[in-house]
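Undergrad: Here's a structure for you.
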Amino acid sequence: MTQSSPLKTQQMQVGGMDCTSCKLKIEGSLERLKGVAEASVTVATGRLTVTYDPKQVSEITIQERIAALGYTLAEPKSSVTLNGHKHPHSHREEGHSHSHGAGEFNLKQELLPVLTAIALFTIAILFEQPLHNTPGQIAEFAVIIPAYLLSGWTVLKTAGRNILRGQIFDENFLMTIATLGALAIHQLPEAVAVMLFFRVGELFQEYSVGRSRRSIKALLEARPDTANLKRNGTVQQVSPETVQVDDLILVKPGEKVPLDGEILGGTSQVDTSALTGESVPGTVKPGDTILAGMINQSGVLTIRVTKLFSESSIAKVLDLVENASSKKASTEKFITQFARYYTPVIVFLSLAVALLPPLFIPGADRADWVYRALVLLVISCPCGLVISIPLGYFGGIGGAAKHGILIKGSTFLDSLTAVKTVVFDKTGTLTKGTFKVTQVVTKNGFSESELLTLAAKAESHSTHPIALSIREAYAQSIADSEVADYEEIAGHGIRAVVQNQVVIAGNDRLLHREKIDHDTCDVAGTVVHLAVDGRYGGYILIADEIKEDAVQAIRDLKRMGVEKTVMLTGDSEIVAQSVAQQIGLDAFVAELLPEEKVDEIEQLLDPSGKAKLAFVGDGINDAPVIARADVGIAMGGLGSDAAIETADVVLMTDAPSKVAEAIHVARKTRQIVVQNIVLALGIKALFIALGTIGLATLWEAVFADVGVALLAILNATRIAK
């Protein structure tokens, strides 16, 4: 059996994607190449992501196809792809109709020929009546034809080039046919007016897209540009990508921290808002970990770099946001497919309107039906939808990132809008996870000191918060030689040999399994039972605190229409009930093993798939549950690679109230996307009907077409604010 070769994903920066059909043109052209599985263009950043089989199609072939379409190409200035060397590409084609600066657009320069055309057109209109059907009519033509060429030269040239390439059914082709058709039926003023309206509208569309692109990119400006590298007693400014692990860097007040590292010298206040969305400053000191993207506010910091820039927290965050568009929502996929078929269908409908009625309706005026067909051609470009829908989703993702919420794709934005059940893990999610030993209860002759010592040493290799709290209460150093045969028993506890004694520390289930008689503790807190050489030694009571915003988080979710809030925990029934009652949860399930949480999630899932379930955990211990939920949400992503890798949505802080905020952003995005779809399709349907029955003019049609595109784009940019 032959095995398929692994697919490769390549990212490229494409210049000149300010036109309404560029996205469809590039995606469609690349996906027709044999071996290309998917091509996805992000209009907002000019980023192209191509997934392909390198055995069937080469990267060179893909680059040549993009260059043949008339776009410039370079490797993206990505936070994670600049590790090492760059391979800039400069594929140019003279005469491409759009600016090639990945969003750079000179409106003043583009407006000059259009304004000249408007002046000439105005003169032609003023003298149209006096000169009509007179020898002086040639003067009218001498003014109006240059006006047509000035306003439409770019459109005509692009349409001609695209026809030679076999690329028809874009807006340039449609406007060329519509205006040449108007000229053919002696509608000169209308032909010029349509081209002028279209060109002015297109210019403002390009300007609006460029502006929204810049506003969205501004959300992602946390990327540090330089690093102050300390080497051989000197400090020099270098690119963060060139700094190596264990290098020393200096961060001055007001500067962004360029790389993740450990503070060796200096104390300061840092602003973490670029990562968390919250501008509350935190204090850092020698020994603390500091992350790229934070802003140093006061002291001078000397930092030892612990990660390359490509592996830093901010690089992963930026890459996640920039690449979120590759995971498209069903709405976005539908619009892309719809746009590919809609334009050809309307073109053929236009042909039918122009040709059939004069053949079958006695006395039908051929020029009148041709005019109606031209109106349909003008309205047949789905520009507003093609740009505004992806722009809306990207704005939602960028706006959420500004508030410390990372959403990995528009498909998860859509899923969040339908969430009706939210399931929380307890420890570290609803509670602080900062455990403290509150009581040591001894049995069978053990002292408190002896029990705490044995427990701390037995737990010395564990990273669980409960183990950390026991070691913190013991407050003495523990040598590795004091502990042997350490074994972690998932969902139960640990076993280790301490001072030649077999120590078991864990929950009720562990002692039941070992058939050791022990107390049944009816207390609100986490109980760690201890047994030494099979003899019960007592238990340690550990308390956890509920997070300050946990109660408000549940209230917000209820207010938003979430029908059920549930907590899953491995803790005892008593502890779970106490937390659930204090917070106001609808239900809880206690004493669960990690694998049992997945079973509980499956029981809560909606069989129809319409009502979505979100699970909120720490992204590390809850990976299987996060993967099984409709929407997996990981909290505390700040500095946690595992959380960023695992979940569909990452909350950079530990605040459960961010869950409601994420759902709010998703619903706002969805609302604006639906508004744009209804607006664009409604206007187009209206003018198709009016055009067919002869109640719409070319002027009105082009005004409606470019107007609705502008409105949809401007509406989409509201999401990011």
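From the backbone N, Cα and C atoms, a Cβ is placed for every residue, glycine too.
Pulled the feature table from Swiss-Prot, pasting it below:
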TOPO_DOM  1-107  topological domain 'Cytoplasmic'
BINDING   C19, C22  Zn(2+) binding site
REGION    80-101  region 'Disordered'
TRANSMEM  108-128  transmembrane segment
TOPO_DOM  129-140  topological domain 'Extracellular'
TRANSMEM  141-160  transmembrane segment
TOPO_DOM  161-167  topological domain 'Cytoplasmic'
TRANSMEM  168-187  transmembrane segment
TRANSMEM  191-210  transmembrane segment
TOPO_DOM  211-344  topological domain 'Cytoplasmic'
TRANSMEM  345-363  transmembrane segment
TOPO_DOM  364-369  topological domain 'Extracellular'
TRANSMEM  370-387  transmembrane segment
TOPO_DOM  388-671  topological domain 'Cytoplasmic'
BINDING   D618, D622  Mg(2+) binding site
TRANSMEM  672-693  transmembrane segment
TOPO_DOM  694-701  topological domain 'Extracellular'
TRANSMEM  702-717  transmembrane segment
TOPO_DOM  718-721  topological domain 'Cytoplasmic'
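Give me the lay of the land around each of these features.
TA: According to DSSP, C22 (Zn(2+) binding site) sits within a helical segment.
Under 8 Å from some Cβ of the transmembrane segment (108-128) lie the Cβ atoms of residues 139-140, 143-144, 146-148, 150-151, 153, 188-189, 192-193, 196, 199-200, 203, 206, all in the same chain and six or more residues away from its ends.
When pLDDT values are averaged over the topological domain 'Extracellular' (129-140), the model yields 64.
Sequence-distant contacts of the transmembrane segment (141-160), counting only residues of its own chain at least 6 positions beyond either end whose CB sits under 8 Å from a CB of the stretch, comprise 95-97, 113-114, 116-118, 120-121, 123-124, 127, 170, 172-173, 175-176, 179, 183, 188-189, 191-192, 195-196, 198-199.
Listed as Cβ neighbours of the topological domain 'Cytoplasmic' (161-167) (distance under 8 Å, sequence separation of 6 or more from its ends, same chain) are residues 25, 29, 68-70, 95, 173.
Beyond its flanks by at least six residues, the topological domain 'Extracellular' (364-369) meets 185, 353-354, 357-358, 694 of its own chain at Cβ-Cβ distances under 8 Å.
Listed by sequence, the residues of this chain that lie at least six past the ends of the transmembrane segment (672-693) yet keep a Cβ under 8 A from its Cβ atoms are 331, 335, 346, 349, 353, 372, 375-376, 379, 382, 384-385, 388-389, 392-393, 700-701, 704-705, 708-709, 711-712, 715-716, 718-719.
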Undergrad: Hey, which of the binding-site residues D618, D622 is the loneliest by Cβ count within 10 Å?
TA: D618
Undergrad: Taking just the CA atoms, what is the gap between D618 (Mg(2+) binding site) and C22 (Zn(2+) binding site) in Å?
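TA: On Cα coordinates alone, these residues lie 41 Å apart.
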Undergrad: C-alpha of C22 (Zn(2+) binding site) to C-alpha of D622 (Mg(2+) binding site): distance in Å?
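TA: Here the two Cα atoms are 42 Å apart.
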Undergrad: Can you tell me which of 168-187, 345-363, 702-717 gets the most C-beta pairs within less than 8 Å of the transmembrane segment (370-387)?
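TA: Stretch with the highest Cβ contact count: 168-187.
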Undergrad: Report, as numbers and ranges, which residues of the same chain sit near the topological domain 'Extracellular' (694-701): CB under 8 Å and 6 or more residues beyond its ends.
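TA: Those are 178, 182, 187, 190-191, 193-194, 197, 368, 371-372, 374-375, 378-379, 687, in sequence order.
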